[in-house]
Amino acid sequence: MISKDIELAAEIVKNDGVIGFPTETVYGLAGNIYSTKAVNKIYSIKQRPLHNPLIVHIKEVGDLDQIAIEIPEIAGIMAQKFWPGPLTLVLKKHPNISELITAGHQTVAVRVPNHPIALALLRQLDFPLAAPSANPFGSISPTTPEHVEAYFKEKVPVVLDGGNCKEGIESTIVGFKGESAVIYRLGSLSKEEIEKVTGPAILFNKAEEAPEAPGMLSKHYAPQSTLYVTDNLSESISKFSDKKIGLLTFRQHREEQNSKHQVILSPIGSLKEAASKLYTALHELDAMKVDIIIAERFPDHDLGRTINDRLERASKQ
Ligand code: TXA
Ligand code: MG
């Protein structure tokens, strides 16, 4: 059930239940971090492997000390600057944080979401919420309450309605090597924005180095239809001319293409707007039951880099 009732959502999570909840990035599947029952439910509903850790959501920077210890100075500066917002920090875990949440790691991922309803809910609780994105493992993350309901039906009794997610792509995950920032997952906060605060950041490369951030798994965020990423739209459209094509472009309309099966992410050429609409567009194109989705590669800077990262992973066979 999609509902605006924050009290009801609070009651459910107070009783070891799991709800769908809105954040500015994507919807999450949320439960009490201190309830083993709730955390187990999150993993099982999402069909998430137990070795993939969850993100802890807190209501304000002041709660960070209950979640993490030995916080590097630069992490504190980032928290002050970017929270509430789409930045997840990976820090040494507080002893009270269970290894079920951190998947056995001694680090914990934590953030303050920038969504009025998420914050209102968190303020009614005396515990933080663990929440992965509210999609079955490997599929496209949800950016509307309807996406969550369609994925999980009655397995998630209440999806708290916070409308469409403003950012539309997951948070950026940042850890530290000494005082240097390491980006584990590109996200709604661009590398450029982060580097203004941290100086040059290291882009953590791929699951091969360590499966620490499954957001880095090579195949992820995938639609049902095959996704094909290209630098040359005309060539790709003719290559697949015998197929029902769904087209995902940055700003141009393609005359040769049935406009019903085309989504233009930002006619004005805004990377931020394009990022915010990316998952919604993939959900829409999937629902049209096209044979193939052809997506244009984005300029590889700012949020274009994040969009390309998601397109690449979603297109892996
Ligand atoms: O925007 C978001 O971050 C959304 C909303 C709901 O907050 N959540 C989200 O959660 O994207 P999820 O579970 O889909 O992705 C969390 C990512 C995973 O790739 C996980 O591996 C990584 O965070 N992560 C969690 N704990 C970690 C840790 N200790 N070290 C490195 N990565 C970690
Ligand atoms: Mg996810």
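Cβ from N, Cα, C; glycine included.
Because TrEMBL annotations are produced automatically, they should be read as predictions rather than curated entries.
TrEMBL lists His57, Arg111, Ala131, Ser171 as binding L-threonine, and of Thr25, Thr36, Thr144, Thr198 the one it places in that same site is Thr25. Taking every pair among Thr25, His57, Arg111, Ala131, Ser171, the residues listed as contacting L-threonine, the largest Cα to Cα separation comes to 13 Å. Comparing Cα positions, Arg48 (ATP binding site) lies closest to Ala131 out of the binding-site residues Thr25, His57, Arg111, Ala131, Ser171.
Checked against ligand 1, the binding-site residues Arg48, Asn52, Tyr221 give Asn52 in sequence order as having a Cβ less than 6 Å away from one of its atoms. In this structure, Ser133 are the binding-site residues from Thr107, Arg111, Ser133 whose C-beta falls under 6 Å of some atom of ligand 2.
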